[in-house]
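Trainee: One structure, as structure tokens, below. Some questions next.
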Amino acid sequence: MLKQLSIVISPKPVLRQVAKEVPVDKIKSPKMQELILQMKETLRNTDNGVGLAAPQVGELLKIFLVSEEAEYVDNKKRDSDANIQMHTNDTNKVERIERKKDWRYFIYINPVVKKISKSKIEYPEGCLSVPGKFGFVNRSEKITVEAYDENGKKFIRGASKFYARVIQHELDHLNGVLFIDKVERFIDIPKNESGIKN
Ligand SMILES: [Zn+2]
């Protein structure tokens, strides 16, 4: 059975340090593979988490995960209305929990920004390491990142809107930056609801 890691909560110093590169020949090592599996398991068991960076589990390494769910947000298969519905309708809630188990996770190791748009969008954000806080953050609409996957293969991925936002939020984690440093204004989310966090 896979071990879940505990999520580091702000203001722990590990969240404020710059993460180190993973030696590419170590990506396939049992230790690194185990960490990646544990991070997936940890993210899968969060409440509404769509992304997770290694410093959030106490590992100062340039690794982050983005859930496939981030693409659903972009595709409007799941918007804020759907989110509220899913929390008030038992049938939908069950469906959402079951779907969550099946999300694939995209792994980004040693990510480098190749392109980032000047145009920005303001949108609410939350963070697993900053519980209970949500706020509007201005982020570039589009980003292109080069990284290694869990098999040590280099890839380039372009993303827009919500997925691009999650990538930028995770990149910040690798540089010791939290969304609360950039927030334009905080918002209140009712206690019985839970916003998307990363
Ligand atoms: Zn975060």
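The backbone N, Cα and C atoms fix where each Cβ goes, and this holds for glycine too.
What TrEMBL says about a protein is an automatic prediction, not a curated fact.
What TrEMBL shows for this protein is this:
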type: ACT_SITE; residues: Glu170; note: active site
type: BINDING; residues: Cys127, His169, His173; note: Fe cation binding site
Trainee: Taking the mean position of the Cβ atoms of Cys127, His169, His173 as the Fe cation site, which residues outside that list, in the same chain, have a Cβ no more than 8 Å away, listed in sequence order?
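Mentor: The answer, listed by sequence position, is Gly51, Ala53, Gln56, Glu125, Leu128, Ser129, Glu170, Asp172, Leu178, Phe179, Asn198.
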Trainee: I need the CA-to-CA distance for Cys127 (Fe cation binding site) versus Glu170 (active site), whole Å please.
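Mentor: Between the Cα atoms of Cys127 (Fe cation binding site) and Glu170 (active site), the distance comes to 10 Å.
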Trainee: According to DSSP, does Cys127 (Fe cation binding site) fall in a helix, a strand, or coil?
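Mentor: The three-state answer is strand.
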Trainee: Excluding near sequence neighbours, so keeping only residues 6 or more apart in the same chain, what lies with its CB under 8 A of His173 (Fe cation binding site)?
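Mentor: Spatial neighbours, sequence-distant, of His173 (Fe cation binding site): Leu15, Ala19, Ala53, Pro55, Gln56, Phe64, Ser129.
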